[in-house]
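S.K.: One structure, as structure tokens, below. Some questions next.
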Amino acid sequence: MAKTYDYDLFVIGAGSGGVRAARVSAAHGARVAIAEEFRVGGTCVIRGCVPKKLLIYGAHFAEDLQDARRFGWDVPDCKFDWPVLRDNVLAEVERLEGIYGEILERNEVEVIHQRATVSGVNEVTLADGTKVSAGTILIATGAWPMIPDVPGAEHGITSNEVFNLDTIPKRAVIAGGGYIANEFAGIFHQLKSDVTIVNRGDRILRHYDEQVRDRLLQISLTKGIKFLFNAPFEKIEKKAEGGLVIHLAGQDPIEADLLLWAVGRVPRTPGLGLEEAGVKLGKNGAIEVDEDNQSSVPSIYAIGDVTDRVQLTPVAIREGHAFADTIFGGKPTRVDYENIPSAVFSHPPIAGVGMTEAEARERLGSVKIYTSDFRAMKNVLAGRNERALYKLVVDGENEKVVGIHMIGPDAPEILQSAAIAVKAGLTKPQFDDTVAIHPTMAEELVLMR
Ligand SMILES: Cc1cc2nc3c(=O)[nH]c(=O)nc-3n(C[C@H](O)[C@H](O)[C@H](O)COP(=O)(O)OP(=O)(O)OC[C@H]3O[C@@H](n4cnc5c(N)ncnc54)[C@H](O)[C@@H]3O)c2cc1C
Ligand SMILES: NC(=O)c1ccc[n+]([C@@H]2O[C@H](COP(=O)([O-])OP(=O)(O)OC[C@H]3O[C@@H](n4cnc5c(N)ncnc54)[C@H](O)[C@@H]3O)[C@@H](O)[C@H]2O)c1
């Protein structure tokens, strides 16, 4: 006789991946519970993509208000009020949290507002000691900001705290050189902080095309953001009056009002009881899963950041959906990891899909590169000396566009549509056949010769 469990599916973590997996599994008829120890919505909604993007919009007004004068607007000297922006953003996050909760309720998913850990291959223990059983357990606990092992590291904050600051720091030091570092460098700089990015290596955003990231570096330096490369942290001291003194190897110490750790995010598996249940963990504690998100224990699956494959919300959502369709929908589905587009919401933003020039040169026999290096019309009239760069990477054998990389205003918005063409395997002549929309920035994509 088949064993009966309290639930068909127990999901740990109500973030991007967990919420999607729970609601789709329930819609397929499964009896589902989801445990969340903090707030429904997870990193992206509560302290990631969403509040970050709203701060980017808020910060960009600094340049927009300045540029407006060249377009005839009599803009008085404007005052910026951080608590107004912060509180409006936090209120929007709360609204979205409510919507996520409603979606789960509407789909008859039981939401348990507690921490949950695995206590057996079919058993979960809640923080209050309750034990529940489930035919399948899905781990969707996400990732957690890494803090380097440096004396005084606790004086810094992470992206978990950055959305709740009392004031915008006069001097901000940001450790890292990736997504979060470059996005928050832009936000703080626009909001008038003196910003220094400190990276232990010699390059920023290493997965993006070299020319495009060099352009971001040049524009950021011109704006006044400082960069220190190959500068390992030695210690952080807190002064009696509150400021920080940051000691770096081979550099003079720097004083700052805020230190933001943005040096990567590690899978959130510590203390979850996974190894005791026999689940195999890999590098950084990531749960090892197969193409169907199944771990080394057949009844335990994992999706999203906790598997450390691609730490992006749309990927976690797809993995959650594929899991639900495969396990409870009778429709085996796998996520296709080829040509995932991505963006950095820096000032200006970067976006890319497919192979960078360096990757294409390594993997393909012959490569053709087309670039357009231009100043957006709006920037010309505004007197803003900031050039955009668009780049097509083409396979010389068959003319397929295998990569698009761009930096410039609205690059992520423009790239999303162009990514369809790369995913579909369209060729450079097909780009050339497409009539431009004039005057736009996006038309450069079909005008490169
Ligand atoms: C500052 C920042 C900006 C970002 N910006 C973007 C962006 O612009 N675009 C993009 O695509 N991605 C962005 N990301 C990445 C994105 O947020 C993640 O890839 C995504 O949230 C991963 O989803 P997930 O479901 O795997 O985990 P999460 O969304 O992190 O959800 C995991 C949930 O599990 C809960 N949890 C953990 N352990 C337990 C437990 N034991 N019991 C109960 N609950 C538990 C956590 O509280 C959390 O709510 C950003 C991340 C950060 C930090
Ligand atoms: N726009 C987006 O889609 C977006 C935005 C934010 C975060 N995210 C996701 O979240 C993840 C985490 O973001 P992140 O910016 O923390 O990590 P990241 O992996 O993008 O960058 C980490 C950076 O920190 C540097 N570094 C590592 N250890 C260091 C140290 N001890 N001192 C100084 N520098 C050090 C690395 O060289 C690297 O440049 C990203 O990889 C991304 O997947 C996505």
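Cβ coordinates are placed from backbone N, Cα and C, and glycine is handled just like the others.
What TrEMBL records for this protein is below:
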DOMAIN    7-320  domain 'FAD/NAD(P)-binding'
DISULFID  C44-C49  disulfide bond
BINDING   K53  FAD binding site
BINDING   G176, G177, G178, Y179, I180, A181, N182, E183, G264, D305  NAD(+) binding site
DOMAIN    340-448  domain 'Pyridine nucleotide-disulphide oxidoreductase dimerisation'
ACT_SITE  H438  active site, proton acceptor
S.K.: Which has the fewest other CB atoms in a 10 Å radius around its CB: G176, G178, G264, the listed binding-site residues?
M.R.: G264
S.K.: For a Cβ distance below 6 Å to any atom of ligand 2, name the binding-site residues from K53, G176, G178, I180, N182, G264 that qualify, or say none.
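M.R.: By the Cβ criterion, which requires under 6 Å to ligand 2, the hits are G176, G178, I180, G264.
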S.K.: If one measures from the C-alpha of G176 (NAD(+) binding site) to the C-alpha of C49 (disulfide bond), what distance in angstrom results, rounded to a whole number?
M.R.: 18
S.K.: Looking only at G176, G177, G178, Y179, I180, A181, N182, E183, G264, D305, the residues listed as binding NAD(+), what is the longest Cα to Cα distance in Å?
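M.R.: So the maximum pairwise Cα distance among the NAD(+) binders is 20 Å.
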S.K.: Among the recorded positions C44, C49, G176, I180, H438, which have a Cβ atom lying under 6 Å from any atom of ligand 1?
M.R.: C44, C49, I180
S.K.: Just name the most isolated of the recorded positions C44, C49, I180, going by other Cβ atoms within 10 Å of its Cβ.
M.R.: C49
S.K.: Count the Cβ atoms, other than its own, that fall within 10 Å of the Cβ of N182 (NAD(+) binding site), considering every protein chain shown.
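M.R.: Taking every protein chain into account, the count is 27.
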S.K.: Sorry to bug you, but what's the C-alpha spacing from I180 (NAD(+) binding site) to C49 (disulfide bond), rounded to the closest Å?
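M.R.: Distance (Cα to Cα, whole Å): 10 Å.
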S.K.: Counting across all protein chains shown, how many other Cβ atoms sit within 10 Å of the Cβ of H438 (active site, proton acceptor)?
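M.R.: By my count, 7.
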S.K.: Let me know the DSSP-derived helix, strand or coil state of G264 (NAD(+) binding site), please.
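M.R.: It is coil.
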